[in-house]
Amino acid sequence: MMTQDYKLQVEAIKCGTVIDHIPAQIGFKLLSLFKLTATDQRITIGLNLPSKRSGRKDLIKIENTFLTEQQANQLAMYAPDATVNRIDNYEVVKKLTLSLPERIDAVLTCPNSNCISHNEPVDSSFTVKAQRGEISLKCKYCEKEFDHLAVLHAD
């Protein structure tokens, strides 16, 4: 007879947000890109955790903080299959269904080094386009279009 030992690899939180099923190697980037660390609340990160769905995944838990639907939808660009769960008293009280936003403002950096958004005191602004499973972003200022991964790695 075989026994299975199930153990949480990342400690449960009493109240807050759990972002699960983030593609492996993306969790850290999401933390900085979306300024999820701009809090004094405890943040627990699991990187390269085993996942039945995708082999490996990242996980982020932020205590006493709830993401808005807009914030959660911005994550969909880089973690389309992620789940964003609201936790209260150690229970999932709400699951946010992610959908791509039409725009993303003041989060990403334009990869075009000649774009005025680098030198002027303006917030970045991108229109999100999805076609045949490919996601691209069009900068409001230089009007150039980029693959979403190019924008992810632009710093």
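Just so you know, glycine gets a Cβ as well, placed from its N, Cα and C.
Annotation note: C115 (Zn(2+) binding site) sits in a coil segment as assigned by DSSP. Long-range Cβ proximity for C115 (Zn(2+) binding site), meaning a same-chain Cβ under 8 A and a gap of 6 or more residues, is found for C139, Y141, C142, K144. For C110, C115, C139, C142, the entry in Swiss-Prot reads Zn(2+) binding site, with the evidence type sequence analysis.
Cβ neighbour count for C110 (Zn(2+) binding site) (all protein chains, 10 Å cutoff from its Cβ): 23.
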